[in-house]
């Protein structure tokens, strides 16, 4: 998971398919601004399919747009992204999302977020947070929960949604249900 700008793009061959035909990829050269989660080495290139029809992601290469990108890292300065990976412009993130990237989301790494596709839905264990944006906001994957909450592990080992810009209070972590 990185914050980065794409500075150039070119089409490259990345091997052959089972019939011997070359597989084309777009290679974006990027300027990494911050690594949130990943290898110790900076990401230099991001690879994707050449069009959205084959699950490629298109990035603006003017070097002005900053992106939050969650993809698959090879650990050697290369990353791969598809339409299924999170790629958002930095400016489209809410203040809570930006703050949570630095301070909150790591508190939920041992939590599981379970999607609720239609009401009613339930969690099966205390280490789950139920994500209801899809069901409650007409199939919206970028709804209120996604923009304003973080699923964090509490001191009793359970997981719960936390909202807000202030750090969680110790008494919240110990006894309060959100």
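Including glycine, each Cβ sits where the backbone N, Cα and C put it.
Keep in mind the model is a prediction, meaning the values are calculated, not measured.
According to TrEMBL, the features are:
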- 111-159: disulfide bond (DISULFID)
- 116-121: disulfide bond (DISULFID)
- 129-151: disulfide bond (DISULFID)
- 1-109: domain 'NTR' (DOMAIN)
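Its Cβ taken as reference, residue 121 (disulfide bond) is surrounded by 14 other Cβ atoms within 10 Å in the chains shown. Here the CA atom of residue 159 (disulfide bond) lies 6 Å from the CA atom of residue 129 (disulfide bond). In this structure, the disulfide-bonded residues under consideration are 111, 116, 151, 159, and the one with the smallest number of other Cβ atoms within 10 Å of its Cβ is 116. Of the recorded residues, residue 151 (disulfide bond) and residue 111 (disulfide bond) place their C-alpha atoms 7 Å from one another. Around residue 129 (disulfide bond), a 10 Å sphere centred on its CB holds 23 further CB atoms from the protein chains shown. Across the range of the domain 'NTR' (1-109), the DSSP-based residue counts are 19 helix, 45 strand, 45 coil.
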